[in-house]
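**Q** Per Swiss-Prot, the features are:
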BINDING   Ser76, Pro77, Glu78, Tyr118, Glu251  substrate binding site
BINDING   Arg100, Asn101, Glu102, Asn109, Glu244, Leu245, Gly300  ATP binding site
Amino acid sequence: MSDTASWQPSASIANLLKRAAIMAEIRRFFADRGVLEVETPAMSQATVTDVHLFPFQTRFVGPGAAAGIDLYLMTSPEYHMKRLLAAGSGPIYQLCRSFRNEEMGRHHNPEFTMLEWYRPHYDMYRLINEVDDLLQQVLECAPAETLSYQQAFQRHLEIDPLSADKAQLREVAQKLGAGDLANREEDRDTLLQLLFVLGVEPEIGKEKPAFVYHFPATQAALAEISPEDHRVAERFEVYFKGIELANGFRELTDSREQRQRFEQDNRKRAAAGLPQQPIDTYLLDALSAGMPESSGVALGVDRLVMLALKAEQLSDVIAFTVDRC
């Protein structure tokens, strides 16, 4: 603690006042649309299995748990919120803290604010329109552009991501200056993600938000596969001014398929030398009981506020970043 002013907030009080106004505006947006605000636990006995996500882990040893209970800070409120959907909540949203034991920097903090909402009986496109409405209201930006994952690659990299083989993907990576890295990578989806980050993200969403939809089925996560094209998933992401803002799905409702995906994730984790994670059987039971067809999205509030305030980094809009807490 060599910085004598390190007790001070990361953000200015003026920015924190503006942040509070944006939070109130978000709540009004959903209140006007009849969406219920909910609160769910920040900890769980299960966690995400995604090989690219790293949760914080703790252990409860209080009265009634002499043997101890392993708990994980939530990387997103998704699993609990889907249980509410299955219980008949109707449309819901949540503003909450989420935690990822990963990066810190200009656009990352291990503790961050998430806006997540779910719309029963919405398809992916209807939810995209609602996200666009929120962005226009908060950011005062132009209506977004939309393009498929395939269109994005064809437009900016002149390659079809749904049919290209690994050799062709490596050739494009070479042109982008990442040939050595690509040559060491055997996973096709990782190669696609590399090309997306290097060749697509910098080119989209410069003047207005960009929605990219229909990611490859192999990157479906918790999304349904498209009934029109089984090569792609009903998944979208939102980018604006070089920042990924949101990730949304038409939600998978088949518990058996979801279990298979969780188990496949854990096999990938084992192959990568990572610990396998406990599967959320409560979520699987909720899906089995009958979660309604829904679409949902998770949006990074700190990044949204950063864009709204034209700030340079997250520390300009967060009261205390991890280096000051």
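Cβ coordinates are placed from backbone N, Cα and C, and glycine is handled just like the others.
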**Q** Which of Ser76, Asn101, Asn109 (the binding-site residues) has the most other Cβ atoms within 10 Å?
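**A** The residue with the most neighbouring Cβ atoms within 10 Å is Asn109.
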**Q** Closest to Leu245 (ATP binding site): which of the binding-site residues Ser76, Glu78, Tyr118, Glu251, going by Cα position?
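**A** If we rank Ser76, Glu78, Tyr118, Glu251 by Cα distance to Leu245 (ATP binding site), first place goes to Ser76.
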**Q** Select one residue from Glu244, Glu251: among these binding-site residues, choose the one with the most other Cβ atoms within 10 Å of its Cβ.
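**A** It comes out as Glu251.
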**Q** Taking DSSP as the reference, which of helix, strand or coil describes Glu251 (substrate binding site)?
**A** strand
**Q** Name the secondary structure element type, per DSSP in three states, that contains Glu102 (ATP binding site).
**A** coil
**Q** Give me the Cα-Cα distance between Glu78 (substrate binding site) and Glu102 (ATP binding site), rounded to a whole Å.
**A** 19
**Q** How many Å lie between the Cα of Glu102 (ATP binding site) and the Cα of Ser76 (substrate binding site)?
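**A** About 14 Å separate the Cα atoms of these two residues.
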**Q** What whole-number Å value do you get for the CA-CA distance of Glu251 (substrate binding site) and Asn101 (ATP binding site)?
**A** 25
**Q** Starting from the Cβ of Arg100 (ATP binding site), draw a 10 Å sphere and report how many other Cβ atoms land inside it.
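**A** Step by step: centre on the Cβ of Arg100 (ATP binding site), count other Cβ atoms within 10 Å, giving 20.
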**Q** For the substrate site (Ser76, Pro77, Glu78, Tyr118, Glu251), what does the 8 A shell look like? I mean other same-chain residues with CB within 8 A of the CB centroid.
**A** Tyr79, His80, Met81, Lys82, Glu116, Leu222, Gly296, Ala298
